[in-house]
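S.K.: Please see the structure below; I have some questions.
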């Protein structure tokens, strides 16, 4: 008899199987039957070569030869039973077959060794792998219990003569020969040779992180092993190692280009609402005026640029001109909105909204097919230009994350390592999300932190470096395109040079509190409206809703100059300092600029400033109300820009109030003498920036990434402390008034299966309380060798479950493994198509043992789709532990057992319900 090696090459003794096993920490001994060894001088353990057609469903029906080591016993007289001898070998492997005189205990899930004479010349105990792991001995003893298949090994081994293995691996032969590390998860490797589609997922299902990561490890080991064979394999290995970096490089390049196109298109179409450049209609107002020789022009109206009123009435002022401008503003807005809504409705329904809630859900391991597809990418890119130009209260920054993720998803299919493996693909998507924020704000480090803090679920260190690289490339490309013509990749880049006074922390924290309150009002109102939209007639008329909201927005927005202008321009105006060149009423101070070089002195606010403050307060109310109705409509719409605008308005108003206080009372102690020199010691623009950060932090509940994005946006490194204070204050206030940020709230509203790692699990329940079925219902299971094809098809028709536990028999519910509904369906369809002699009466067998030859049709072997190492918990496990396992291992389901017997299943949905 061949030795079952435990040292040296094989790492698959049970102890090390646990070490190589991706789930090792939890289940070192999930039902491994120890390969039974009878007496050492037992007769020749000869090898029988048995032809099984590909383990039940061979590719094209070709029968591949596997060599099993069968321990053939001399046939004992009928009625007697062989009692095995316990003995420790020099390898230290002890046989643990029960020696109860062959009477098999029905509650003992491992192989009983009663060998009554009969078919096959005596029951055969088959070692299913040459390295001796998982030998399942089947003997039909009185109890009729058939051995549970080994915990870790695949079926078939020691492949001789270049035969392809019918087990899990496409590269079975060389793989099992030298490094016996193949741990068989169902569908763990690309078994596309035998059953097409196994290892993939259906729409709206959760991915199995553990299985996918294990598949990738096996693929990687195989490539590393082959590397020595030839130069071509070495090149393939190098390509595999580089492919992740190449993929994120391409994602960064494309994201930067798309972002540049969107920025240029949106700014041109926004200006189209006001007028046109007759010499070259493709230029926006600013570019049109570059060609003019005039040295100064008031608020961008140079002679080259014609407002619509000029074209029709040849005058800019007057009542008629105002009416015509008003009419064109509304008309263009309606046209753009109609186009955006219709495109989304006809071609890509998934292109609406911001996309960040769905990206969070997808990155947590949920499958939403075509959410990141090419049509979504095209329509989202065009739609976001249209809806921003329509003057709706929305931004293009959130959708940039969605657009970048679409690019990441499409490009990942160029690299099978990522395209075919959902868990690996999530690494590319995390990097793409970082690139999206990087181009939206010109903030590469902020993008990486945003991906880490806000959207990603599984973020290993390797992904951090790749995200950094991807964000860097994207920002570099956008900077080269220079869409705004101001040497910066964002519209509102400002630089401050004044230090802040220590006392100013008080108004900054006050702004944080106000920001948290505004954000909570917004989130609660927006959720109420979205729920109303979802459950009322309104949801059936998405395009009409968009047009009505656009019409109201345009009508209200035009009279107020601060809402009429593009939101990004408004933010830039609120952030900027008042200098000599500023002509806006916001800077209408009683100053006389006699000496250009002297510091700007502090001055009393003129009437223009008071008027501007009233207009800004009106704009704040209007923007808040319109954003509540806009966010969640069926057009692409982001939330960053409106939140920043709300906060910037609040901050600027507070800043002007502080400035006037310092002007009127320069000597009081709170200004600690800083303002007594007459210089302008308070910067209202800085307050606008802090307020913007406060509202955005309250709405999204970002903290770290938000502060980094804000100081990358504005180049104000010395203002990190005010920003941090405001962001923390707004997060605390927001958390106190309402639990969820806007994205988590929308995930909950849409019912996506997202397990938030930040949530605490309150109840003290046990696994038995949460599992399905409840105590008195029956559990849908598949038995390992007593159900026919018809039985299984009936079970699939009558139940909706996504997977079924495989047990020893209906009476003995001892767990053998777990099999996915999709895999069973594919395997049955494939068998009917490919294998002759499979009928409804064929037995379906999930063990590697040879069935007793009966006169019926040939059996169907499905061991290769069986996951023999499912994650299990006992019924007394606290739910906190179960929830942690779901979060940290990314499980789809876990099986609940009691004393080794199967009780029920806990799926991700049960966990979400329990929460």
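Here, residue 1 is simply the first one shown, and the rest follow in order.
Note: Cβ is positioned from N, Cα and C throughout, glycine not excepted.
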S.K.: Could you check which of 568-589, 590-611, 612-633 is flagged in TrEMBL as transmembrane segment?
M.R.: 612-633
S.K.: Transmembrane segment per TrEMBL: which of the ranges 501-523, 639-661, 662-684 is that?
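M.R.: Among 501-523, 639-661, 662-684, the range TrEMBL annotates as transmembrane segment is 501-523.
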S.K.: With the ranges 296-318, 319-341, 342-364, 687-709 to choose from, which does TrEMBL describe as transmembrane segment?
M.R.: 319-341
S.K.: Please identify the range among 215-234, 275-294, 375-394 that TrEMBL labels transmembrane segment.
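M.R.: From TrEMBL, the annotated transmembrane segment range turns out to be 375-394.
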S.K.: For the transmembrane segment (428-452), what are the same-chain contacts with Cβ under 8 Å, counting residues 6+ beyond its ends?
M.R.: 244, 247-248, 251-252, 255-256, 259, 359, 362-363, 372, 396-398, 400-405, 407-409, 411-412, 418, 458-459, 463-464, 466-475, 478-479, 488-490, 493, 640, 702, 704-706, 708-709, 712-713
S.K.: Using Cβ atoms and a strict cutoff of less than 8 Å, what residues sit near the transmembrane segment (400-416) while being 6 or more residues removed from its termini?
M.R.: 243-244, 246-247, 250-251, 254-255, 258-259, 262, 354-356, 358-359, 362, 372-374, 376-377, 380-381, 384, 425, 428-429, 431-433, 435-437, 439-440, 455, 474, 636, 638
S.K.: Which one of these stretches, 319-341, 464-481, 501-523, 612-633, has the most C-beta pairs shorter than 8 Å to the transmembrane segment (538-558)?
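M.R.: Result: 319-341.
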S.K.: With pairs restricted to those 6 or more apart in sequence, evaluate whether the transmembrane segment (464-481) and the transmembrane segment (242-264) have 3+ C-beta pairs under 8 Å.
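M.R.: Result for the transmembrane segment (464-481) with the transmembrane segment (242-264) is yes.
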S.K.: What mean pLDDT score does the domain 'CBS' (866-915) have in the model?
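M.R.: 91, rounded to a whole number.
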